[in-house]
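These features come from TrEMBL:
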| type | residues | note |
| --- | --- | --- |
| TRANSMEM | 91-114 | transmembrane segment |
| TRANSMEM | 134-163 | transmembrane segment |
| TRANSMEM | 184-203 | transmembrane segment |
| TRANSMEM | 209-231 | transmembrane segment |
| TRANSMEM | 340-360 | transmembrane segment |
| TRANSMEM | 380-400 | transmembrane segment |
| TRANSMEM | 420-441 | transmembrane segment |
| TRANSMEM | 461-481 | transmembrane segment |
| TRANSMEM | 493-512 | transmembrane segment |
| TRANSMEM | 532-555 | transmembrane segment |
Amino acid sequence: MTETVMEEGEQNVGHHEKWRGGIKTMPFIFANEVSEKLAVVGFSANMVSYLTEELHMPVAKAATTLTNFGGTASLTPLLGAFLADAYIGRFWTIAGATFIYLIGMSSLTTSATLPQFRPLPCSAGAAHPCKEALTWQLAVLYFSLLLAAVGAGGIRPCVVAFGAEQFGEAGKREQGRTWRFFNWYYFCMGASMLLAVTVVVYVQDNVGWGWGLGIPTVGMGISLISFVAGYPMYRMARPAGSPFTRLAQVAVAAARKRRLKVEMEPGLLYENDEIDKGISLAGKLGHTSSISFLDKAAILTEEDKQAMKPSSCINNVPIPNLWHLSTVHRVEELKSLIRMAPIWAAGILVITAAAQQNTFSLQQARIMNRRISPSSSFQIPPGSMTLFTMLSMLLTISLYDRLLVPFSRRFTGLDRGISFLLRMGIGFALSATATLIAGLVEVLRRQKSADPLSVFWLVPQYGLFGAAEAFTSIGHLEFFYDQAPESMRSTAAGLFWLSISAGSYVSTMLVGLVHRYTNWLVDDLNKGRLEFLYWIITGLQVLNLGYYVLCARFYTYKPLRVRDDELVGVELN
């Protein structure tokens with residue numbers, strides 16, 4: 001125990017070495033994220049086409065396969081975040097996960113290249129009737145997707161935390177760079193997604209799936225080499241032990257003392273700077289009055305005093321049994337996560353709505369007029385329609401950073417312009433509007449099915465979803481990074497991806513229920529009522545927006561004690 005805490009205390013030395021970290025590390029870190037997004041978006045943007053045309057899956061099954069992959073790839077980041085925060089650190093988690101991702105993409109590229117991994121092409125005659133892929137062929141697909149999902153689980157939660165870590169928290173200038181990093185991170189991610197839905201999707205549709213998947217696979221290999229090459233330049237915080245163990249210790253200690261009737265004055269609750277040193281480099285969390293039941297874990301009883309053995313000390317400070325007694329800082333860590341939970345849950349339905357872009361919206365685009373002009377022979381690939389989402393997102397991020405932030409800073413006094421809670425709320429409203437418009441366009445498209453409507457009628461919904469993502473997703477990332485305990489920032493990024501996973505699975509469940517009990521979702525969209533699904537999601541989002549406003553109104557920001565007993569509120573409403 002003594003050695004562990006001493007090591008955690010020593011990490012501050014390496015963490016703030018001036019020659020490590022900073023802007024110079026960004027190309028190596030962003031290269032990894034760009035390659036991951038190039039791979040996953042280049043595949044998922046056109047996945048429905050591959051599953052329906054190459055593996056002959058029904059549309060509904062292809063849609064659920066895609067959302068299940070997206071959900072799993074967003075669920076595994078919790079495991080990756082846990083390993084990074086607790087045991088192996090962010091660098092090695094990213095490097096190992098990238099290697100696993102590379103194996104998955106290589107397997108997927110191989111299955112798309114060799115014809116024996118796919119069913120025979122359909123023919124008009126009876127010689128080769130349209131048959132779905134065999135079980136073993138689907139098994140190869142699912143195994144490849146599983147490896148990709150596991151790889152994503154190590155990359156996604158750690159890249160954003162590892163990148164922000166390169167700027168540190170020493171001084172206001174460094175903190176300002178950290179908050180701008182989130183915009184840079186999402187801008188680079190958006191640029192790679194833009195490349196994926198244009199160049200990669202075009203190659204898939206016009207050259208072949210072997211090349212279309214091979215390009216991002218090669219990119220993934222190059223990113224692994226470049227990321228490892230930057231090793232000497234990185235700031236790397238050492239793992240601080242299992243965060244889930246610390247949370248469990250607080251819960252158990254509070255439950256053990258549930259019958260105590262002692263007055264819980266903040267000054268009387270247990271503090272121990274030595275055991276908290278490794279998990280509070282930027283400052284300790286101050287006491288808050290909410291969720292007061294957990295404060296009982298920090299009540300120092302006579303039994304706790306007797307249990308402290310003189311032999312187990314650090315710098316002459318006795319170490320308690322943490323399953324019986326917790327410090328205020330550790331209690332507040334658990335409180336912070338509990339307070340974050342309602343805000344986290346509000347982001348699920350936004351992902352559910354956005355998930356339809358890569359499934360049903362893509363199918364809409366496929367049967368619309370995709371010519372740029374009446375005289376043009378070029379047709380826009382359906383998967384490239386998300387180009388408008390990416391462009392909108394990148395434009396919104398640029399305008400937000402260059403115009404909205406300086407303008408709103410004059411009125412709010414916040415360095416980032418507006419609070420991340422307000423930023424998320426704007427995104428929720430834009431997402432609901434986009435889904436409503438999607439339903440209205442589908443009604444018009446079906447009415448004009450004899451004379452196909454131009455695919456550009458889908459641009460407003462794609463554009464609004466892009467703007468919504470720029471507000472919601474970056475706001476979510478800021479929120480999790482800012483409000484999560486310092487030692488759990490990879491875990492916090494994992495929670496961001498967990499909300500994406502939950503949204504994908506909710507989409508799967510909703511589509512499954514609608515498909516089972518109605519005839520709205522059929523392979524021939526002209527015979528279905530897709531707009532009803534869009535309007536159900538719109539109604540749920542409106543209710544969710546009201547729920548979110550209430551949660552944001554009563555949210556308590558974490559107070560950070562940076563020196564002596566001074567409490568600094570992290571954000572203002």
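Cβ coordinates are placed from backbone N, Cα and C, and glycine is handled just like the others.
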Contact yes or no, the transmembrane segment (461-481) and the transmembrane segment (91-114), 3+ Cβ pairs under 8 Å, gap 6+: no
Chain residues outside the transmembrane segment (340-360) and at least six past its termini with a C-beta under 8 angstroms from it: 44-45, 47-48, 62-63, 66-67, 70, 385-386, 389, 421, 424, 427-428, 431-432, 434-435, 438, 462, 465, 468-469, 472, 476, 479-480, 483-484, 495, 498-500, 502-504, 506-507, 510-511, 521, 525, 530, 533-534, 537-538, 540-541, 544, 547-548, 551-552, 555
Tertiary contacts of the transmembrane segment (380-400), as residues 6+ beyond its ends and Cβ separation under 8 Å: 41, 45-46, 49, 183, 186-187, 190-191, 193-194, 197-198, 201-202, 204-206, 357-358, 361-363, 365-366, 370-372, 417, 455, 458-459, 462-467, 469-471, 474
Contact check, the transmembrane segment (493-512) vs the transmembrane segment (184-203), 3+ Cβ pairs under 8 Å, seq sep 6+: no
Highest-contact recorded stretch vs the transmembrane segment (209-231), from 134-163, 184-203, 532-555, CB pairs under 8 Å: 184-203
